Structure formats: structure tokens, C-alpha cells
Amino acid sequence: MARSIMEFFTVFQIKALDLQQSLQEVTERYEKEKQKRRALHNSLVELRGNIRVHCRIRPLLPFDTAETVLVKCSRPGHAAINKTFQFERVYNASESQDTVFADVAPLLTSLLDGYNVCIMAYGQTGSGKTYTMLGPQLEENFAFSIEDESELGIIPRATQEVFRLISEKPPGSYWVEVSVVEVYNNEIFDLLAKDSCGKLFGIKRDVITTREGKSDVPLLTYETVENASEFLHLVNKGLQLRVRHPTLVHAHSSRSHLVVTLTITTIASGDNFDNKSTSSSRASSPVQLEATEKMKQVKTRLQLVDLAGSECVGMSGVTGAALRETSFINRSLSALADVLGAIAEQRPHIPYRNSKLTHLLQDSVGGDAKLLVMLCISPDQRYLTESMQSLGFGTRARQVQRGQVKKKSFPVPSKAK
């Protein structure tokens, strides 16, 4: 009897191990197929010029593994809601800043390959946009903390990755500049501009359209940076000037759209490509470059955008100046949605100039850049209307086909004789 039980148990163990191994093999095949499907989808997105949309959800909101968001809500006196939204990527509450950035990093390789790139965070107030883009912020001066690297957001991580990629290139072949602006009450402010004493002082700038049809901000301050530390120092200084006001929804609500731009100039010579000019990642100064006729320059831009949050006045409880800010924020976000709608419908006129925000981002939104929208969603049932609005915005953005993004052509240097 005991022997029969032992034999049965042994057979059972063998079958269990076989099942476990089979399950593991199926899981591995599923993951490989999932990666292949994602790669094929990304290729299709590239060809169509679609806007990539990723969605990050704070805890409590249900979702499934098929990169969808499921919204279920049942409130007394309201119709039940049961809707599913699909995006390129959906992050649940347990997924870290590392995981989010892992899906962003491939875009940065495109930056050095000659493409412009834009990454923007969209969502309601308090949904985690600034945390996703910057990381945790210090309450005393609103700068972002760089002590815990695991908590860093997309902006600092993207800069570190860009300089890592540059370090693998020939020394002196890249030159990097940074600008930081905010769009506040439909006005553009240069957060790196300095007064006569050398102190940072946000100065109002204007945005224009050049003869080539590109957007430009005359007199905008560009600071040259050699590494990620210099960049983070400048951005933190600029952030201290960013406008914030407390609301009932968020104690440190950003009242402006933040646009951090990293401009990378690739330098190559026409006849002789000299890699011995310098050992740092920074190439010659602009004056030196212009003086050398043989030098060829190609500029690519990485725009990192932390949009102000859309909000319902009744929920936020704002009055006075803050109420006026809310009006400008909501109008500029509506203008962004209108621009995307016009592009999707292939209208002859795209209303970029209806807002300083859309005018500033005209090149990126209009198809001159690989664009990733990071939707940030709050799971709180009180903000259901705002969450549905954000999810709807993301759904419409995914449907925009802008045509294949153009690559900047690099000069091919001839070999030195």
C-alpha cells in the first residue's frame, strides 16, 4: 500500500514538473511573440507617423496585460461606465521609473541618428506628470531630487542616456545646448535668462514662424552643457522660477507648461574630419564653427514637456489669479487637442497659432519629430470625468497619422588623404 502511494506520488511529481516546464516554455514563447508584435507595431507607427501614446496609472485602477485600460465605475444616480482603452504601453502601479524609461530610451538613439524627438506628459492636476517627467520634488524650492537615482524621471534619465550615447561617438563631434521655458497664461518665459547681475530672471519671449515654416523663439537663452550634471543643475535653477499655486486637488500644482529642450549639434568636416580637436563631448564654440567653412552642422532637438494639468474649477476650488491660470491652462490644452484633430482630419489649415503652447510645439506635433505622449491617470473615482477626458485625448492622439518623420541628412566626410 505504502509502495503504491509512493509510486503514485512519484508519477504525480513527474507530471507536475512536466506541466511546469511546459508552462514555462509557453510563457517564454508568449513573451517572444509579444515582443515581436510590439516591434512590428512600432514599425507600423514609424511608417504612418503615428503618435505613440503610453499610459501610466497610479494605484487602484484595474487594467489587463494586453496594454489596455479598463474603466469600471458605478455611482448612485449616474450611469454605469464600462469602457476599454488601448495604447502602445500601459504601466500599472507596481511598475517603476526604470520600467517607464526603458520604453522611452530607444527614441533617444533616433535623436543621434538625425531625428527630432518630443516626449510630453499629459493628464489632470495631481495625476503624476511631474513625477513621471522629473521625479520627486523638494518642497522647499520645487527642484527635483537627484539623491535617489531609482526615482529619477524621464528628463534627467534622458539626459544621462544622451550623454552616454555621445560618449560612444568620436570626441568633439557633438555639441549640446539646453533651454528651459514655461508657457504661463499664454505667454512664454525664458527661465534661463539672466538679469544685469547674472541672476536667473524669467524674461518674456515671443514665438514666431520662420520663412521655412518652423517655429522659433528669438533671443531665447541657450546654455552649453558638457555632461548630465551641468544639465540637471541648470534645469533645477530654472524650475525654481516655475509658477505654482496650491489647489484643493494638489498642494504644489504647476500653473504653467514646462518645455525643456536639448539641442544637439553634430559636427562633421567636408574634406577632413578631425577627431583630435578635443577630448570632451562639447565641440568647438558656435563662433569657431561658423568661422570654419569646412564644418558641416546638423541640429536635432529633444523636447521634454511637462504640461500643466487640466482641471475642473469646481474640484480645484481656485479663485482669483489661480482661476485665471486655470482658464489659460484649459484653453491651451483644448488648442492642443484642436491641432491634433485638424491633423487627423487632414484639414488645409492647422490652428497652431491659437495658443502659444501649440505654436511653440508646432514642429514636434506637426510631424517633424518622433512624438511620445505619456498619459498620466489618477485612479480616484472623484476625478473620473478628468480621467475619461485624458484617456479620450490619448485615444484621439493615437489615430493621428502625420506621415513618416523626416530624418536630418548628415554630411558624409571623405577620408583624409
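For all residues, glycine too, the Cβ spot is worked out from N, Cα and C.
Check TrEMBL against the ranges 16-50, 261-295 and you find coiled coil recorded for 16-50. There are 25 other Cβ atoms within 10 Å of the Cβ belonging to THR125 (ATP binding site). Residue with the densest Cβ environment among the binding-site residues GLY123, GLY128: GLY123, by other Cβ atoms within 10 Å.
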